[in-house]
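Heads up, the thing below is written out as structure tokens.
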Amino acid sequence: MEKSFPLHECHVNKVTIIINRTHAILHSIAILLLIHYRLSFFFQHPQNITIPTLPWLLIFVSELILSFAWFLQQACRWRPVYRTVFPERLPADDKLPAIDVFICTADPNKEPSVEVMNTVISAMALDYPPEKLHVYISDDAGSNATLRCTKEAWNFAKYWVPFRRKYGLVTACPDVYFSSSENDNGDYKGSEFKAERKKMEEKYEVLKQRLRKIVEGHFPTNVAINNTRDHPSVIEVHWYGFDGVGGPIISGSNFCIKREALLGSFNKQQDYMALKRLFGPSNDFIKTLVEDYKPCFIKDGESSRMSLENANILASCSYENQTVWGSKVGFLYFSVAEDYFTGLNLHRKGWKSVYLNPERLQFLGTSTTNFNDSLIQWTRWTSGPVTVALSRFCPLIYGPLKMSLVQLLCYSELAFMPLLNCLSLWGFAVIPQLCLFNGIPLYPKVSDPNFNIFSIILVSSISKSLYEVVTTGEQFKVWRNEWRIWMMRSVTSYTYGCLDVILNKLGMKEATFLPTNKVTDDEQVKLYEMGVFDFRTATMFLAPLVTVILINIAAFVGAVVKALVVDDDGDQYWEKMFGQMFLSFFILISNFAVIEGMIIRRDKAKIPLSSTLWSVVFSMFILLIGSVILC
């Protein structure tokens, strides 16, 4: 028997494992000491309690929630691995499986057709046997513009694919190839290649002009289309740490999945009627399940007509009615994060997955470049996993005995992360500040040994996150941005996403899917490349963010004034309130961009005065009402 060699090998990163687990143990000890310190407050003699119980309890709960979130995050750090691939070990073309590439789009007015069609062309140009490669584009909007653009892309691909294969080009995407400064001339550098390359570049420029004219002609008033339907969200997580604990989740884009995994287990000997009840009325689709199916190419008008009729049946919105699609077969519709929920069920059934991150990316996509669309996108992404977390499919309930403990914690971290972060961050951003505003200490004095517990936890968290950013080749500013964006999302997108789920559970609101705008705008792109926030977003997003900043400004400035001017015993005040003053200062420094947008900036992308004024009202209300309730 011919010996088969693996196509990839897994290597455990021992150094990172030692660092991660050592940090987890030490940080856990510090958290246990913090819990002991907080709990000891409740066992004091009532005469010795000089601090109100309610704020102490609320900040303790916030610390517990954030600690639990940190605990869940350690699962993906428990066994980091990396993989080596061996493409030279791939079998011959006739033994390779057939693959289907699905490209989803929802709104050609928000998702630039040029970029979408580049993805289509790249998929058609994959280095794979053409008779085993099938590329599909799914347009939830049913837009005629997308259909016409697809036809244009197909016509261009008839020239691009042979050109790429003839000259052995590595880059499959024409836009990247013609705009990149990298030298990707394949094996040819002669005059013939240069002439053909110039012709191909001219054809591509013509293609881009045609695509833009199609979209502009279809939307002359730049108004979004109205016939879109609810569409599952896309969650981009390529937490590669999951690979070492049972495999990464399905992550919305650029993943491959076996048909057997997606269709589930079924008896191929069942009669056609039984299979149709499972998979729908398409005879051609049923044939692909029960036979050694080989695609037949369209040869005449009759076969073309039959293929179109079958395609219309499969593509209809009612095809899945009275079947198990969405509940037991295919992607599961329980949550708008259908990829996360489907991955959870597949891993629960015993399927394995691996994470591969090649040096040269196979597919490129566009993302949001402004504050508004980013927050809308993260609000949508939040609601999907939280829906699963607050249901009978909660990983902590649904996963035990079917998944490993570490993998279970990974899925739980993704499900609960928005809820845990928004609850804890609101607590840390408001409770200590209200108490600071009213002179109530919630942290030990600087001279108290217990103060070291909080210092160690803060330094431990910051240094570990900074270490992870730096060791992956990124710069300090990346860590700074990730830290402040985490805080911004927690009080905006995560909050609204969680509220959306709660209202949906109460029957007061339906889950919605709104595609975010990915059309490039020169002014927005310029700000994005400069690292400057574009605050032209809805007041509903700006108000909570600015309100938090104003509360922290009021608390910090008030404490400084009291320590320097009012309080006769300033040294004692500094020592007693330093922890809360530092927390407010840290929040303000981390989110200085918000302060800059309110006070310093004068460009169009600053925070509108109306949003600031609304936030002033909200912050004053919180300071007054909160002081009465807590103090």
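Cβ atoms here come from the backbone N, Cα and C positions, even for glycine.
No curator has checked TrEMBL annotations; they are predicted automatically.
Within the chain carrying the coiled coil (190-217), a Cβ under 8 angstroms from the stretch's Cβ atoms is held by residues 108-109, 113-114, 117, 145, 148-149, 152-153, 156, 159-160, 163, 167, 174-175, 178, all 6 or more beyond its ends. Feature annotation from TrEMBL assigns coiled coil to 190-217.
With a cut-off of 8 Å between Cβ atoms, the residues of this chain six or more beyond the transmembrane segment (24-43) that come close are 49, 51, 53, 56, 60, 63-64, 67, 70-71, 74, 77, 444, 450, 453-454, 456-457, 460-461, 464. Here TrEMBL flags 24-43 (among others) as transmembrane segment.
If you look up TrEMBL, you'll see 49-72 (among others) marked as transmembrane segment.
Marked as transmembrane segment by TrEMBL: 540-561 (among others). Only residues 6 or more beyond the boundaries of the transmembrane segment (540-561), in the same chain, are considered here, and those with a CB under 8 A from a CB of the stretch are 371-372, 375, 429-430, 432-434, 436-437, 488, 491-493, 495-496, 573, 577, 580-581, 584-585, 587-588, 591, 594-595, 598, 607-608, 611-612, 614-616, 618-619, 622-623.
Annotation comment: TrEMBL describes 581-600 (among others) as transmembrane segment.
Same-chain residues lying 6 or more positions outside the transmembrane segment (612-630) and placing a CB less than 8 Å from one of its CB atoms are 52, 54-55, 58, 430-431, 434-435, 437-438, 440, 539, 542-544, 546-547, 550-551, 554, 598. For 612-630 (among others), the entry in TrEMBL reads transmembrane segment.
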